[in-house]
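Reviewing the structure listed below.
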Amino acid sequence: SQYSAVDTNPLSVYIMQPIWNKIIKIVPLWIAPNLLTFSGFVMILVNYFLISFYDWDYTASGTSPGLVPTWVWLFSAFTTFCAYALDSIDGKHARRTQSTSPLGELFDHGLDSWATSIFVLSFFSVCSRDNGKTGVSVYTMYIYLSIVLFNFMCSHWEKYNTGVLFLPWGYDISQVVLIAAYLLTGAVGVEVWQKPLLFGYYITDALVILLIGFSVFLSFPQTLYNIHRAHLKKTLKNDSLYEGLLPLVSPLLLFILLTVWVVLSPGNILAKQPRLFLWMVGVAFSNVICKVIICQMSSTRPELFHWFLFPLALVVYAAISGLLGWTEEAVLAVFTVLVTAAHVHYGVCVGRQLSEHLNIYIFSLKKRVQE
């Protein structure tokens, strides 16, 4: 299918695009676009693990400011900007080198679906978790992450139904806000997040309100409006309501299962292991959405229940029924490792199959030799 995306965000159109058009000229023509996409993703990962090393349990900013060195925040700003730039120019570079392919599109959106959660998880280290005075509760973090992932899901659900990816305004704004937040933290220190800004509200409160406002009043209505407009123009990909709503079933069940675990966990798993749990949420979500993206690209029908929901349901049942007892954290750790390995394996397999099928290399512009 021909890839089509619409971007109407003034920040993107008037400020960022001209910057990307300058940067793209520096990129050598022999570099494969997927290499740009992947490099950006690796930078986000490196940054995430670096922050995790200094702040495993999200308490550093609240209890002992200065525990995370200043250079780490500046490095975060740098990697976030690079990832944002690389994600914005990979498509332009593909058109420049005449190497656009379904593989590139899937590679880009597939990694984005994972990167989305990693951006959020890295940022939580800036605001720190609630210590009675300042910070954000781990439950707020979970809701915050869920809303961001919900937004991502909406834009791809919309593309599944309309065939057009309407780039959410929130994306460019969130990237610029993230970079600014890291620079501010590096310049002033994490203390800036712990002082009330206006009327006893903190900057973090403002960001949460902004995020929810953006989702509820901008992104989601826009998605519904675009689908409605396609319906009026008779350009919808799916005729039946059932077909149209099908891709939402697995992500919603995933969210319900995870929420049940969070709320009913006897060992209060989210408070004990926020980093592990939220990472697992992001990986599971990414895998579910990748299936939707593949179905949307290949015009096939997504299965009603994603395979991952079954082992998850078992683990959640074992945890909330008290079967796991004191091993709940260990089981979460093993489960998280398995889910991450399964997701990476899935990505590698799909990439290899597509590269063989389309007769192209993933990270090189050389053509494959026909056997």
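Every residue number used here counts from 1 along the chain in the order it is shown.
Glycine is no exception: its Cβ is also placed from the backbone N, Cα and C atoms.
Automatic prediction, not curation, is the source of TrEMBL annotations.
Copied from TrEMBL, the annotated features are:
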TRANSMEM  26-50  transmembrane segment
TRANSMEM  70-86  transmembrane segment
TRANSMEM  136-154  transmembrane segment
TRANSMEM  199-220  transmembrane segment
TRANSMEM  241-264  transmembrane segment
TRANSMEM  276-294  transmembrane segment
TRANSMEM  306-324  transmembrane segment
TRANSMEM  330-348  transmembrane segment
Point to revise | Feature contact check the transmembrane segment (199-220) with the transmembrane segment (241-264), CB under 8 Å, 3 or more pairs | key: no
Review point. Sequence-remote contacts (6 or more beyond its ends) of the transmembrane segment (136-154), Cβ cut-off under 8 Å?
Key: 58, 112-113, 116-117, 120-121, 124, 127-130, 168, 170, 204, 208, 211-212, 214-215, 219-220, 223, 248, 251, 255, 262, 270-271, 274, 277-278, 281-282, 285, 289, 292
Check your understanding: Is the transmembrane segment (276-294) packed against any residues at least 6 beyond its ends, judged by a Cβ distance under 8 Å, and which are they?
Key -> 106, 109-110, 113-114, 116-118, 120-121, 124, 141-142, 145-146, 149, 152-153, 156-157, 160, 247, 250-251, 254, 258, 262, 269-270, 300, 302-303, 306, 308, 312, 329, 332-333, 335-336, 339-340, 342-343, 346-347, 350
Study note, to complete from the structure: With the cut-off at Cβ under 8 Å and a gap of six or more residues from its ends, the chain residues touching the transmembrane segment (306-324) are 250, 253-254, 257-258, 260-261, 264-267, 269, 284, 287-288, 291, 331, 335, 339, 342
